[in-house]
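One structure is given here, and the rest of the page talks about it.
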Amino acid sequence: MRLHPSVAAHVEEVLREVLRFTGPADVVVSRYFREHPKLGARERGAVAEGVFAVLRNKLAYASFAESGQGSQMRRLALLGLADAAGVDAIAGLTADEQEWLQRFTQIDRASLPLPLRANLPPWLLERLVQREGEEGALALAEALNQPAPLDLRVNILKAKREEVMSALAEAGITAELTPYAPLGIRLKKKPALQNMPLFRDGLIEVQDEGSQLLAQIVGAKRGEMVVDFCAGAGGKTLALGAAMRNTGRLYAFDVAEKRLAKLKPRLSRSGLSNVHPGVIAHENDAKVKRLAGKIDRVLVDAPCSGLGTLRRNPDMKWRQTPESVVELNVKQAAILAGAARLIKPGGRLVYATCSLLPEENEEIAAAFLSAHADFTLVPMKEVLAEQKIALEMEDYLKLQPHLHQTDGFFAAVFERRK
Ligand SMILES: C[S@@+](CC[C@H](N)C(=O)[O-])C[C@H]1O[C@@H](n2cnc3c(N)ncnc32)[C@H](O)[C@@H]1O
């Protein structure tokens, strides 16, 4: 079925704003939909997918759009829509546009030069090639340029994974178990979950399998004192609270009040009552100092470049720069050092990011260890064995979309000497 003829113009209009990279693309798209309430669900889907296809393939499309007629923004919009919905679904094309689009959709991407195949900014491609070689970098880039599947986590306080699988099957939703996370379910399509009782009653949460694994390697247990230091909207907080079986105390800190506020409705759906959210001014806030030396486990899910989440946020690769990464490195080291003070002897500190860059990952972990003689590294191999997670890792957790079908994540576990 053809899309409404206005869809290409909507994609063009959203692209004009999104490609200025003044804010997150998903925020711009949501605002546009609020301002255009008459757009139907199918059209919205096509507009969003078309815009995201352009963000994913910007370099290749900009090169394709050098030829053809009409404005460059229209050509980009048409390429994005053709990717998202197929050329035949686009209404209102001129004969020339139709012919031009057909030509580009038939291009064998494998014949393009590396930068156009990878669709990454040159500085990032260079760093990935240095580390992985051309072939490895390309495999990673191609996986990062695919939309992510929809992963769910079952809330063990309310349901078993098998029960949720049956309920999904009854609702006609195709699902499979995630390979590594014991409570994860992967959906092939993206159904609207918001109105399903499974979601409304807190039996499931949306959470990437990689993020579920990060929460699991914290190893939080019943009755413990745990801090989620950079809790944000609480994706990992909810998983930690459930792992603690709603006992003990789980502090959810963040400097961003707005993000933390999003945790409230999720908490009430989840049935957790062991979570204590707290806005902090910075990593040395009095609320943090009061807990010094008292905490069993702290998760630092640090602010980072987000380059491991390009499947969901493809605009991040165009918005980050080498300079912004350096700024983040300063914050990451400071937050980790601040959070370390909370750990009691024998307790564990987990440093995590959704970045793929060693300077945000291994290098921060190594610098922390050399400055904190009272902490040792717990090799990830041991942590994964404790948690019975069937993943091959050495010292650190390094999840990569092309190898593990998750977002890109890094984690290091440190233990305070007794
Ligand atoms: C990667 S996000 C956290 C995502 C969250 N853990 C989740 O699973 O949804 C990083 C968070 O760190 C917060 N942050 C930044 N600086 C901070 C600081 N000094 N102390 C605590 N949190 C901070 C940001 O507001 C952001 O919400």
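The backbone N, Cα and C atoms fix where each Cβ goes, glycine too.
Note that TrEMBL annotation is computational and uncurated.
Record features, source TrEMBL:
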DOMAIN    140-417  domain 'SAM-dependent MTase RsmB/NOP-type'
BINDING   D254, D285, D301  S-adenosyl-L-methionine binding site
ACT_SITE  C354  active site, nucleophile
Secondary structure of D285 (S-adenosyl-L-methionine binding site) (DSSP, helix/strand/coil): coil
Cβ packing number for D285 (S-adenosyl-L-methionine binding site), 10 Å threshold: 15
Distance [Cα-Cα, Å, rounded] between the residue listed as 'active site, nucleophile' and D301 (S-adenosyl-L-methionine binding site): 8
For D254 (S-adenosyl-L-methionine binding site): DSSP state (helix, strand, coil): strand
Fewest other C-beta atoms within 10 angstroms, as judged across D254, C354, which are the recorded positions: D254
Secondary structure of C354 (active site, nucleophile) (DSSP, helix/strand/coil): coil
Long-range Cβ environment of D301 (S-adenosyl-L-methionine binding site), under 8 Å and at least 6 residues apart: L214, D228, F229, C230, A231, G232, K236, A352, T353
